[in-house]
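Engineer: Sharing the record's features from TrEMBL:
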DOMAIN    5-367  domain 'Aminotransferase class V'
BINDING   ASN153, GLN181, SER201, GLY202, HIS203, THR242  pyridoxal 5'-phosphate binding site
MOD_RES   LYS204  N6-(pyridoxal phosphate)lysine
BINDING   CYS328  [2Fe-2S] cluster binding site
ACT_SITE  CYS328  active site, cysteine persulfide intermediate
Amino acid sequence: MTNPIYLDYQATTPVDKRVLDTMLPYFTDAYGNAASRNHAFGWVAEEAVDTARAQIASLINASEKEVVFTSGSTEAINLAMKGVGEMYGSKGKHIITCLAEHKAVLDTAKHMEKLGFEITYLQPDKNGAVSAESVRDAIREDTILVAIMWANNEVGTINPIREIGAVCREKGVLFFSDSTQAVGKIPVDVEADNVDMICFSGHKVYGPKGVGALYVRRRKPRVRLVAQMDGGGHERGMRSGTLNVPGIVGLGKACAVAEADLEKDMAHSNALRERFEKKIFDSLDYVFINGDEHNRLPGCSNLSFAYVEGESLIMGFKDLAVSSGSACTSASLEPSHVLQAMDVGDELAHSSIRFGFGRMTTEAHVDFAADQVITAVKKLRELSPLYEMVQEGIDLSTIAWTGH
Ligand SMILES: *Cc1c(COP(=O)(O)O)cnc(C)c1O
């Protein structure tokens with residue numbers, strides 16, 4: 001076992017060896033530009049891109065022509081939201097999204113607010129899910145787009161996409177879902193699931209970084225987008241720029257592997273998470289699962305360890321790569337916007353850690369991690385006056401805190 005142990009699969013994933021091997025020739029021998037029509041180098045590259053497009057379409061039950069390659073999910077999100085806004089803005093300027101979305105969606109929405117769009121930010125329930133009813137209630141005459149993520153990247157909660165899509169269909173509103181955490185991890189079927197646009201990213205599905213795609217429905221309804229990148233008219237005019245052929249080949253292969261191994265991968269990640277959580281719950285009290293315990297991404301375990309600070313806990317780990325629920329990027333330690341939107345409370349939000357398991361995770365990794373966590377939590381709680389008070393049976397909610 002080589003250290004540190006990687007348990008951050010929602011942040012990114014290693015490239016699968018099968019994916020890398022498929023990509024390599026396209027850096028060296030087959031380096032043509034897929035848009036070069038006059039020679040074999042171009043034809044070979046174009047054929048490789050066509051194969052990747054078919055592999056991707058197959059995984060999500062789309063047609064090849066509905067796949068638009070981008071540099072990743074962030075770009076695909078920008079294209080979907082701004083592209084729809086610009087195309088349909090004369091019909092209406094209202095967009096519905098959710099407070100628990102990824103920053104790529106929230107910041108795009110913010111940008112569009114400055115351009116005159118009105119955004120409704122739905123609050124998720126305490127598990128982080130958005131109901132189809134709340135979407136229905138928010139839809140207005142001038143609503144042109146609903147943007148609700150498929151699965152949450154921090155807590156793993158899976159939204160009722162098919163139901164939300166049905167409401168959007170009924171109301172004649174386009175539905176975009178950020179499915180970056182879902183594609184290749186759980187079944188995604190653009191027909192059965194009633195979505196008009198979805199996005200995904202190579203590096204979240206054991207493929208390379210810097211490549212992704214936007215699925216854009218071509219019929220019933222046909223979605224039209226205004227390109228956000230102007231140039232040579234690649235990708236049927238929706239996204240100009242020379243195609244990243246090795247990256248696209250990698251994304252395609254990653255999707256083919258994911259399709260073939262989906263059941264196996266899901267069972268593997270599920271089993272590891274169960275093993276991990278059992279060990280934790282057997283040894284520690286006051287641990288809470290953030291997200292929908294019964295409807296989560298297989299490899300995601302977001303836990304709050306009461307009376308312990310998430311950042312201190314991570315510092316107490318030796319050789320564990322995980323993420324905390326508070327992003328200390330700014331001067332103030334703000335708890336995660338997702339946990340805040342779920343109303344878990346500041347204390348628990350500050351004590352949360354996300355553990356992510358995936359294809360390359362082993363039982364030995366999980367056992368090592370669980371031991372580390374249990375030791376570190378016990379150690380920190382020994383130093384915690386709050387935990388001591390709770391042990392003595394004092395009800396903390398009755399104490400008036402000062403200056404917290
Ligand atoms: C990672 C992620 C993104 C951003 O994807 P990139 O390809 O890294 O730009 C967007 N949304 C979700 C839910 C993600 O997990």
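For all residues, glycine too, the Cβ spot is worked out from N, Cα and C.
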Engineer: Could you tell me the maximum Cα-Cα distance in Å between the residues recorded as binding pyridoxal 5'-phosphate, namely ASN153, GLN181, SER201, GLY202, HIS203, THR242, rounded to a whole number?
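Structural biologist: With ASN153, GLN181, SER201, GLY202, HIS203, THR242 as the binding residues for pyridoxal 5'-phosphate, the largest Cα distance is 30 Å.
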Engineer: Work through the recorded positions one by one (HIS203, LYS204) and point out the residue whose CB has the fewest other CB atoms within 10 angstroms.
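Structural biologist: Comparing Cβ neighbour counts within 10 Å for the recorded positions HIS203, LYS204 gives HIS203.
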Engineer: Please compute the mean pLDDT of the model over the domain 'Aminotransferase class V' (5-367).
Structural biologist: 96
Engineer: Please list, in sequence order, those binding-site residues from ASN153, GLN181, SER201, GLY202, THR242 with the Cβ less than 6 Å from ligand 1.
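Structural biologist: Checked binding-site residues vs ligand 1; flagged ASN153, GLN181, SER201.
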Engineer: Could you check the binding-site residues ASN153, SER201 and say which one's CB has the most other CB atoms within 10 Å?
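Structural biologist: By the 10 Å Cβ neighbour count, SER201 comes out on top.
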Engineer: Sorry to bug you, but what's the C-alpha spacing from LYS204 (N6-(pyridoxal phosphate)lysine) to ASN153 (pyridoxal 5'-phosphate binding site), rounded to the closest Å?
Structural biologist: 10
Engineer: Can you check which residue among the binding-site residues GLN181, THR242 has the largest number of Cβ atoms within 10 Å of its own?
Structural biologist: GLN181
